[in-house]
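Take a look at the structure set out below.
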Amino acid sequence: MATESTALLAPHALAYRPDIDGLRCVAVLPVVLYHAYPTLVPGGFTGVDVFFVISGFLISSILFKDLSRGAFSYQNFYARRIRRIFPSLLVVLAVVLGLGVAWYLTPALRDMAETLYAGAIFGANIQVLSRNQGYFDASTKENPLLHLWSLGVEEQFYMVWPCVTAAILALPYTSALTLQIVLVASSFLLNVALLHAEHPWSFYFPFCRFWQMATGGLVAFRQRQQGHKTRYPGALSVLGAGLLLAGYAFLDETSLFPGVDALLPTLGAACLVVAGPSALVNTYVLNQAPVVFVGKISYALYLWHWPLLVFAKARYTVDVYRPFYMQPYFLLLLAFGLSVGTTYGVENVVRKHRSPRTVPLLALSMALMAILGLVVSLYPGFFSGPARLAATAPVATATSFIVLDDEGQPNISRMPRREPPTVAKLLAADGDWAPNDGYAPLPRGSQFGEYEYAWVLNPGDDDNLVMVLGDSHAEMLRPRFKFLYDLARRAGDPFPTIVFLAQGAHPPLPCVRDHAGHVEIVRRMQPKALLYSSDWSQFLRPSGDGLHDAPRCCAAGYRDDCAYQSWGDVATLLKAFQDEMTRFQDLGINVFASSLNPEGPRFHYRNMLAGGDIRAIAPVRLSAYRQENARLLSLLEGAIRGANATIIDYAQNQCYNDVCEVVSTARGEPILKDDHHYRPYYAKYYLSVLDQVVDAVYN
């Protein structure tokens, strides 16, 4: 949200317009309120688009003025940007890094440090884009520096815009106007063309956003040619305010944004700027002293509010345990106070300091911050305080700790509890994921296909073959098969070759591109046993109506409400799944398929902690879980039974007498690494329900 202020009347400065600062207020407050209370201002995120227009207008106005006077130099231009942007940003980055080191485990600290490094070189938007993370994704919202994406877009705009404005001034009026319209239109059309619910290119890619800043530039060009003469300024300002309010009120996370919807904040901001400082809304709203004051601290407020909200959520994931000073309203007050202090105690002081060393020192400091972020991203375990604490927890590898049920099968939930959970044990669940240990990747030219996600255990016995298809819920089972293999090898017993064609976020359903190829491989290889395992409820969670010719799976990571899938689509997909299993059964293949396993927020270690203390640890009732998912369970298990396949019910090992513990009764350790993936120790020692898959090869 970097925007040029003109309070200091340097030679390049423009006549100060307090209504522009007021417009900044109208831009930043919806963003802040949306992040704190999303339902209060559902379209508040569009305030960022308003900032883009303001930034384009002010920067273009300065460039037009300097270039026309022959006073422009890149050195001075970027020196002003450094004085404006770096002081507050350095303070915020330093504080965020310190809190991240103190509170974040290795994966979260790595993600944050990568964004810090990218943000320090003004490429956070590219970094987030490279990870294919949407702005509204739950995982993205856990990054306290996500909001730096907008600074990246603006600074990338500033890299090219001086050349564009120079070209504009060198052209006749009509040609210059045409050039700008072409730039705005081409950027806007690219933004619309790349708009996709599952791919964030239109949101983060700089040229998809340049049209908004170039719109501000077009307003500056018009003002340079015609001054503030505007027909019907009052009506124009009311129209602009109406467009902004419509965006704030009627857009939300489900909107395909930016796209055409971004016209609301963009045109709304442009109308208010064109209307001029004496227009109706500008005079009676934007020019008012409190509104102008918030606008003056808007940059710092934007920088501070998001990290505070994210860190509070990370420390207290369960809202009921949050103390008042971690509640959003208090954090917004804190952000406001920090913004006032940062703006007037740091930014303005540095900007007024005219030493020739100021800019080089700021640039050097930002370079060092980038290097520090890079180092922390490469070695997060060394810097993470919680990771060092988690390392003190014993690793669950001793088979003597396995608890058995009444039938002698491993059961993680049977009481009495032998060891209590500790903070270190809970933290140790984070990132506990090593499913490939003991497996080998399939070699090039393999008859199982060349899939980078394909792994094999005990290769070479294709006459006694087990194949596993699925997503990460198939991958998480590998430790059990490796455990059985080690037991068989020590006993001198035969053991089949096991091939996994499993990839995260790719369920074994016809709505996945690679699935047809997997089916053909199974048909050709005809294994003795075939296992399907998936997080079915993630991909089959419809909220739409009607039937579709080619039903789609829901987006991984619960990234949308899946309005494009209906229960009719789910039935169609599972009928195709049943037919597929039936064909394999007819070939003499023993087919197994997993049902739903108890999972959810209660299983996540973060929700068992509050501010570094153990708070919320409560079991899940199996009957309640099955009732909550009754419709999907009926369709899924009906399809498996309809194919005469065998249901793999992980609850046999996970639950005891309807109680599904979230931490082991043996050692007080989380069973899952997050809210839906088994940890390796649990899969290895407890998932005996999988043993029948191996037994089917030799029986």
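Here the Cβ of each residue, glycine as well, is placed from N, Cα and C on the backbone.
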Quick one: sort out which of 195-213, 233-251 is the transmembrane segment according to TrEMBL.
233-251
Hey, would you say the transmembrane segment (233-251) packs against the transmembrane segment (40-64), going by three or more CB pairs under 8 A that are 6+ residues apart?
yes
Using Cβ distances below 8 Å and needing 3 or more such pairs, separated by at least 6 in sequence, tell me whether the transmembrane segment (156-174) contacts the transmembrane segment (297-316).
no
Beyond the flanks of the transmembrane segment (40-64) by at least 6 residues, Cβ under 8 Å
1-4, 6, 12-14, 20, 23-24, 26-34, 72, 77, 135, 150, 153-154, 157-158, 161-162, 165-166, 168-169, 209, 212-217, 219-221, 223-224, 244, 247-253, 255, 257-258, 262, 264-266, 268-270, 273, 298, 302
